[in-house]
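Here's the structure we're looking at; comments come further down.
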Amino acid sequence: MREAMKLPPPSRSVLQKLSTSMCLLVSLFLVLVKCRGASSESTNLIGLGSYDITGPAADVNMMGYANIEQTTSGIHFRLRARTFIVAEPQGNSVVFVNLDVCMASQLVTIKVIERLKARLILLMNFNLAVLSALHSMSVANHLKYGDLYTEDNVAISGIHTHAGPGGYLQYVVYIITSLGFVQQSFNALVDGIEKSITQAHENLRPGSIFINKGILNQLELLLIVKFAGELLDASINRSPSAYLNNPEEERRNYKYDTDKEMTLMKFVDEEWGPIGSFNWFATHGTSMSRTNSLISGDNKGAAARFMEDWYNTDVMHKGFESQSLIKSGAYKVPRRISNIIPDFHEHRVPLGRLNALNSYLHFVNQIVAIYPDEFESTRIIGERQFEKAMELFQNASEQLKGTVRYRHTYIDFSDLPVQLSEVGESNELVRTCPAAMGFSFAAGTTDGPGAFDFKQGDDEGNAFWKLVGGLLKKPDEKQINCQDPKPILIDTGEMHEPYDWAPSILPIQILQIGQLVILSVPGEFTTMAGRRLRDAVKEVLTSGDKEESDNNVHVVIAGLTNTYSQYVTTFEEYQIQRYEGASTLYGPHTLNAYIQEFNKLASSLISDKPVERGPQPPDLLDDQISLLTPVVMDSTPLSASFGDCKTDIPLDSIFKRGDIVKAMFWSACPRNDLMTEGTFALVEILQSGNNWEPAYDDDDWCLKFKWSRPSKLSARSYATIEWHIPDAAVSGVYRITHFGASKSLFGSVKHFTGSSTAFTVV
């Protein structure tokens with residue numbers, strides 16, 4: 001008997017939630033009934049969701065560059081969890097969550113799944129009575145505990161921005177620079193992901209999904225696969241010498257040393273029309289530099305916002321005219337603001353509806369685009385991805401038809417037997433290794449160089465750093481030979497104090513939606529590694545169906561999904577021991593291990609046979625250590641109050657589009673309240689009746705919220721709000737408003753607000 005039957009009597013708040021769940025159940029039942037009678041054009045239920053996951057905007061080390069001095073101190077634009085759900089009316093469903101974070105976390109995934117299962121337990125308690133009245137056992141089966149959203153069919157993935165708060169992963173090596181675990185970062189993610197999935201579930205409606213074919217120019221037609229456009233000027237390979245070590249015969253099959261194709265899904269509601277999109281394009285989220293301290297989704301988060309804004313313009317509804325959002329004069333963009341902002345008394349006031357169209361982009365291989373100014377670089381690379389996505393969205397015509405299926409298993413990569421098959425030779429059995437990082441890992445990369453005297457390509461190491469690494473854990477001869485030619489700097493897979501330093505058990509997953517197959521991988525694959533994995537899985541999926549053309553199966557890789565285990569190179573690239581090879585944790589045969597295990601999942605999928613669940617990864621939440629200093633208190637000078645202007649805008653100031661307006665306020669630590677689905681900064685415009693209406697907030701590209709202290713230990717702090725007046729701004733009278741929350745010495749938190757002097761934009 002399940003524990004659900006032993007739940008204590010629900011509280012008033014729980015009863016309210018249960019009542020809501022019952023209403024949602026009835027709504028879903030009506031949707032399912034409607035879908036049964038829907039036209040053949042709609043084959044699935046589709047639902048989209050989006051929620052704020054912006055973590056602490058002060059004092060927390062950013063995840064990605066491992067630069068201990070890079071801590072958050074404001075917001076460039078907010079981070080979001082964006083979700084799509086595709087479900088058969090009376091069958092399987094799959095969930096994909098795209099996070100504006102560096103990577104997924106095993107611990108976050110575990111806790112989200114626990115919450116989803118708990119939510120379904122509550123739903124089950126009501127659906128028995130409701131479904132009895134509705135006489136619909138098919139719906140009961142669809143919603144019963146354990147059958148809807150589990151680790152098997154839920155994929156949680158990161159876009160790889162290096163400008164988000166860290167401290168949310170559970171393994172030691174990934175939280176050293178964040179001074180251990182950061183509960184606020186973790187909670188923001190788990191809460192936001194759950195709410196995003198819940199939104200998508202509540203939004204399930206009959207609809208169709210399309211893969212783009214696009215209208216491509218002559219050059220692109222020469223380089224194209226059937227369903228993907230190519231983006232040629234947004235990325236470069238940062239380790240070309242390693243790529244060149246792959247067999248020449250293999251390299252001749254490809255024109256570029258990076259993956260140039262973009263793959264896009266288009267979601268179309270049966271009644272409302274287009275409501276969303278999702279696309280994959282491989283580029284590194286490092287347009288924002290290792291010295292940046294403003295929370296940002298980097299170029300992929302920017303591309304998503306540009307796509308959302310474009311969808312909300314008249315241009316889309318006038319035939320999808322291909323115009324850039326950014327190019328001045330093309331059209332005016334109605335501004336998108338957060339769903340909710342803080343109010344002086346209520347702290348949260350609804351403002352409007354978030355755009356339904358989301359652009360999801362994924363990282364597959366090690367490529368990066370570099371421009372001199374980080375904000376301009378982010379805009380340029382984001383805009384190029386947006387423009388290609390817009391083009392493919394406009395012309396998407398191949399409908400995804402067929403079953404919705406999935407497979408998931410856990411694999412222990414620390415000592416996995418791998419069968420190598422060589423043409424004309426007998427099979428060779430090799431093994432993966434416990435995780436270890438090489439010397440070139442410490443050298444860093446082109447977009448994030450390391451410290452000291454480490455250099456990429458080091459396959460020997462030096463005596464001094466070997467001694468330092470040996471003080472932590474000296475690898476034995478077996479590990480040294482297994483990882484060869486990697487010289488081991490840190491033997492992370494064999495270090496378990498105070499708890500595990502690196503993962504050994506990893507999830508792998510396949511999601512199928514008709515012709516589209518998504519490979520969920522828990523790492524960063526190089527270009528050639530990704531190509532080999534895709535080709536291998538596609539061969540398995542098409543080998544048993546002679547009538548099915550290879551071109552009708554579209555295989556994409558979703559990197560950084562469900563957990564994180566650093567890099568995966570080819571065997572040949574591993575020999576060069578650049579950063580990626582040194583960060584391929586499980587030795588030279590890591591890629592072959594992935595191919596072997598994914599082929600098993602693919603075979604299980606087409607044979608409709610279950611797979612073993614595998615060993616469960618650890619839940620290390622109770623073992624976590626945090627050394628981050630809490631907020632003690634906030635203060636202001638006796639002559640000022642929180643929210644007062646420290647540096648105001650001069651009276652009767654007049655600005656024009658393109659100017660920068662700044663105001664500085666006496667503030668408090670942003671960790672006191674993350675302002676989730678709200679804002680720390682707001683630009684308001686004066687309307688008739690002396691009413692101030694919100695125009696831009698800290699989720700807008702043009703508005704930056706910068707927080708600072710006069711000294712590290714000071715209880716005083718400032719908020720500088722900087723508005724780059726966009727071309728789309730209408731003429732009028734504006735003011736800048738700051739929202740925050742201060743903490744007293746006794747621990748109480750009080751919200752405040754303050755506004756600048758009004759000014760004019762002409």
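Quick reminder: no glycine exception, Cβ is built from N, Cα and C everywhere.
Noted in TrEMBL for the protein shown:
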- 1-40: signal peptide (SIGNAL)
- 45-596: domain 'Neutral/alkaline non-lysosomal ceramidase N-terminal' (DOMAIN)
- His160, His284, Glu524, Tyr567: Zn(2+) binding site (BINDING)
- 598-761: domain 'Neutral/alkaline non-lysosomal ceramidase C-terminal' (DOMAIN)
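Over all protein chains present, the Cβ of His284 (Zn(2+) binding site) has 28 other Cβ atoms lying within 10 Å. For Tyr567 (Zn(2+) binding site), the Cβ neighbour count at a 10 Å cut-off comes to 24, with all displayed protein chains included.
The number of other Cβ atoms within 10 Å of the Cβ belonging to Glu524 (Zn(2+) binding site), over all protein chains shown, comes to 26.
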